[in-house]
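Enquirer: Please see the structure below; I have some questions.
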Amino acid sequence: MQKYLEKANVLIEALPYIRKFNSKIILIKYGGSAMENEELKHCVMQDIALLKLVGLKPIIVHGGGKDISAMCEKLGVKSEFKNGLRVSDKATIEVASMVLNHINKNLVHSLQNLGVKAIGLCGKDGALLECVKKDENLAFVGTIQKVNSKILEELLEKDFLPIIAPIGMDENFNTYNINADDAACAIAKALRAEKLAFLTDTAGLYEDFNDKNSLISKISLEQAKILAPKIEGGMHVKLKSCIDACENGVKKVHILDGRVKHSLLLEFFTDEGIGTLVG
C-alpha cells in the first residue's frame, strides 16, 4: 500500500506546478548525452510529451554536433573548430543540414508515437531564423539577427509542438550553421518564454567546478552576473546565455543534467528540483 501512496504523492506534488505553468511556453535545448543514449532519449521524449499533454507549450531546439562530425569523417569532409565553433564551409553546411534534418525527423516521429502533434522545422523555413555571418574565419556560421516568432506562435495556437534544427539564412538566402544554445536563447527571448531549459552533461552550475559540493541549486540574476566572470570554459558561455535570456523576457532558465532520467519532470514538477535555476 505504501508504494501506491508514494505514487499518489508524486502526482499531488506536481499538481500546483502543472496549474502554474499551464499554457506557458517552455523552450528546451536538447543535446549532449540525452541525445546520444537511446534510453535517455526515450525518457526525454516521454517528459516532453507529458509536458505537452498536461497543458504546457514546449518547443525543442536540438543540436547534433557529434553526428555531424561523424558524418563529415565518413564522407571525407574536414572538420575544424575555432573557439569551440565548427568552421562551416559549403561542404560542411551541406553535411550539417542533412544530419540535422535526419535528427529532426526522428524526433518528430518519436513524439508522434507518444501521441503528440509534433512538427519539424529548420531556421530557414519561413525565414524563422534570419542571420548574418558571425566571423569570416568561421565561414557559414551565423549570428541570429531576427526570430520570426509569428510562425511559432501560430503553430502553438494550432496545438503543434515545434522541433527546430539550428540552421538559418541571410538576406541573400545563404545557409548558416547556428550554435544550438544561441538559437534556443534567441527563440526563448523572442517568445518571452516562461522557461528555457538546457539539457547538459553536468549536474548544473558549480561555484567551483572542481568541488562537486559547490553545486548551485538556485541563483538570482544579480548573483549570476557577479559569478559569471569567475566561471571558466563552456559553463561560462552557458551562464552568459542564461543571463541574456533573463534580461530579455525569459522568466527562468534551468541548467539540467540530461544524463539523469526524467530530469525535465524532476526539475519542473517537484519541490526540490535537480539542476540549477537562474532568475
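Cβ atoms are placed via backbone N, Cα and C, with glycine included.
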Enquirer: For the substrate site that Swiss-Prot lists with Gly64, Gly65, Arg86, give the additional residue from the candidates Asn172, Asn174, Asn177.
Expert: Asn177
Enquirer: Given the recorded positions Lys29, Arg86, Lys238, which one is most crowded in terms of C-beta atoms within 10 angstroms?
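Expert: That would be Lys29, with the most Cβ atoms nearby.
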Enquirer: Which residue, out of the binding-site residues Gly64, Gly65, shows the minimum number of other Cβ atoms inside 10 Å of its Cβ in this structure?
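Expert: Minimum Cβ neighbour count within 10 Å, taken over the binding-site residues Gly64, Gly65, occurs at Gly65.
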Enquirer: I want to check the contact list for Asn177 (substrate binding site): same chain, sequence separation of six or more, C-beta distance under 8 angstroms. What comes out?
Expert: Arg86, Ser88, Thr92, Ile93, Ala96, Phe140, Val141, Gly142, Pro166, Ile167
Enquirer: Can you check what DSSP calls Gly64 (substrate binding site), collapsed to helix, strand or coil?
Expert: coil
